[in-house]
Amino acid sequence: MFAHAEEKHRATDTDSVPKSPLQTHMLTHSGDMSNVCNVCNHSFTRKIHLVSHMAIHTGEKPYTCDVCGRSFTHKKNLVNHMLIHTGEKLHVCGTCNKSFSRKQVLMAHLRIHTGEKPYACTVCNKSFTQRSDLQSHLRIHTGEKPYECDMCNKSYRQKQALTEHLRNHTGEKPHVCDVCNHLFTRKQRLIAHMRIHTGDRPFVCDVCSKSFLQKHDLVEHIRIHTGEKPYLCDICSQSFRRRQHLKDHKRIHTGEKPYICKICSSSFSRTHDLKVHQRIHTGEDPYVCNMCNKSFNYRCNLMTHLHIHAKH
């Protein structure tokens, strides 16, 4: 009887001894997940993991950055965040030598080189290198636009798109061309602008070999070959290849003429019409006959003039 009690006592003492990392790891294989969240029933092998998990439900963020005041639920997230302030980038890509502050970001970057796209959309099967890109893409199907501008109530699918939109209100243009000092609200617009200086036109039409500075210009150009006109006027059903052409067209119905000449106050529904009108004041004649060098302010006038040469 005493031997049995002693054996039971030894067993209890052994249970109270902290488990080694290997013992803790082995629990994942044995299925021992005795620490259960009473909110969502998620279970954990270690109590410390359960305590950390509970912060998701309580909203508690006990780990605060001393530099910027941002707080986190987990200590490791604060440690990763601090690398932003220190500028430390320990994780280096072996292919292109680009460095990153977090290993997770490096792993996502490596998929650019491997071509791996593990996150697939269940609606259209389009795949992505990062989970965040898939989550953003899914909003195309759901129509969700969670990021709303406080100033004009315009909403966006992506937080970055809202950040860039807000610069329209603030006037901030943080991206500067180091050639001509032109300013831009978006980095992508600066990249496209730089091609004016470099002469690079990387987007080439497979049908006619015409090249473009920006991808969206190529996409719109291809519709000339396909005949596609996806932008439909909901008033008269006229369709257009470009979204801007539809916007310009709808002003015919609304009577809106937002483009005003600063010299004579004439107003126009399209920016192109204003530019053409301004030649009256500037005297500019950009259309030149290649046979007699006579110049004209309107293209239609040049075309009429060319008939004179054709008759002779």
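Backbone N, Cα and C atoms are what each Cβ position is placed from, and that goes for glycine too.
The compositional bias 'Basic and acidic residues' annotation in TrEMBL covers 1-13.
What TrEMBL lists as region 'Disordered' is 1-25.
Residues or ranges marked as compositional bias 'Polar residues' by TrEMBL: 14-25.
Here TrEMBL flags 35-62 (among others) as domain 'C2H2-type'.
Under the heading domain 'C2H2-type', TrEMBL lists 63-90 (among others). Averaged across the domain 'C2H2-type' (63-90), pLDDT for the predicted model comes to 83.
Taken from TrEMBL, the feature domain 'C2H2-type' covers 91-118 (among others).
TrEMBL lists 119-146 (among others) with the feature domain 'C2H2-type'. Counting only same-chain residues 6+ beyond the ends of the domain 'C2H2-type' (119-146), those with a CB under 8 A from a CB of the stretch are 108, 111-112, 155-158.
According to TrEMBL, the domain 'C2H2-type' annotation covers 147-174 (among others).
Shown for the domain 'C2H2-type' (175-202): DSSP residue counts in helix, strand and coil, namely 12 helix, 4 strand, 12 coil. Annotation source TrEMBL lists domain 'C2H2-type' at 175-202 (among others).
Residues 192, 195-196, 239-242 of the same chain lie 6+ residues outside the domain 'C2H2-type' (203-230) yet bring a C-beta within less than 8 angstroms of a C-beta in it. As annotated by TrEMBL, domain 'C2H2-type' applies to 203-230 (among others).
Annotation source TrEMBL lists domain 'C2H2-type' at 231-258 (among others).
Sequence-distant contacts of the domain 'C2H2-type' (259-286) (same chain, at least 6 residues past either end, Cβ-Cβ under 8 Å): 248, 251-252, 295-298. Summarising the annotation, TrEMBL assigns domain 'C2H2-type' to 259-286 (among others).
Summarising the annotation, TrEMBL assigns domain 'C2H2-type' to 287-312 (among others). For the domain 'C2H2-type' (287-312), the residues of the chain that approach it from at least six positions outside its boundaries are 276, 279-280, judged by C-beta separation under 8 angstroms.
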Outside the domain 'C2H2-type' (147-174), six or more residues from its ends: residues with CB under 8 Å to it:
136, 139-140, 183-186
Cβ contacts under 8 Å made by the domain 'C2H2-type' (175-202) with residues that lie 6+ beyond its boundaries:
164, 167-168, 211-214
State the non-local partners of the domain 'C2H2-type' (63-90) in its own chain: residues 6+ outside its ends, Cβ under 8 Å from one of its Cβ atoms.
52, 55-56, 99-102
